[in-house]
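TrEMBL lists 33-114 with the feature domain 'Manganese/iron superoxide dismutase N-terminal'. Residues or ranges marked as Mn(2+) binding site by TrEMBL: HIS58, HIS106, ASP195, HIS199. Per TrEMBL, the feature domain 'Manganese/iron superoxide dismutase C-terminal' maps to 124-227.
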Amino acid sequence: MAMRSLLSRKTLTLGSGFGVLGALSRHARNLQTFTLPDLPYDYGALEPAISGQIMQIHHQKHHQTYITNYNKALQQLHEAMEKGDASTVVKLQSAIKFNGGGHVNHSIFWKCLAPTHEGGGEPPKGSLGWAIDTDFGSLESLVQKMNTEGAALQGSGWVWLGLDKELKKLVIETTGNQDPLVTKGPNLIPLLGIDVWEHAYYLQYKNVRPDYLKNIWKVVNWKYASELYQKECPPTSGR
């Protein structure tokens, strides 16, 4: 499957400023609609770590549902703003946050994975590798901490490896439901995000989330994370 950009520039702008009503309102007024992005690999390309059946359902059903509901909520927001219906505008914020967050998070998630023959699972090198050793002691310690945090998250959500741009430091955070990482701090940039909703693993791993977290590292796209880290935290910054 040909590689396509997972997020448009406008979508990325929305993701980086998520939760800001003014940005959402501008998008609503422009009546921009969002569409399901292609995956940069075939559904079965991540096997045996993640089955093709899971990837297809996750992408075509779950991600598509977030996009459908997000577009619907934005349309309703547009109509409410034209009518000056402040009450409806406020009510729609939870739907926009949840479904918009689902779109933003999943668009990141697909890029955080890669088939093994395309480098999936290969350890990070260069500046990100050094940063991981500095902030966590080793890659193994980072993986263990993320797995522990992800397994302990109650209900549904995400576990993230992020970059605090202000502190120039790597952080591990969890978010509930479909909250993007930026909800934990405006300076946080997601380098890797792992979906720990049951729909991401249940068909293959049943209720054993730790097994899913253990195996997903075999297809983690560290090249993507490294390139993003270098862009956001270049060597000249003193790192």
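Including glycine, each Cβ sits where the backbone N, Cα and C put it.
Of the listed binding-site residues HIS58, HIS106, HIS199, the Cβ environment within 10 Å is emptiest of other Cβ atoms at HIS199.
Within the model, the domain 'Manganese/iron superoxide dismutase N-terminal' (33-114) shows a mean pLDDT value of 97, rounded to a whole number.
Within 10 Å of the C-beta of ASP195 (Mn(2+) binding site) there are 26 other C-beta atoms, taking all protein chains into account.
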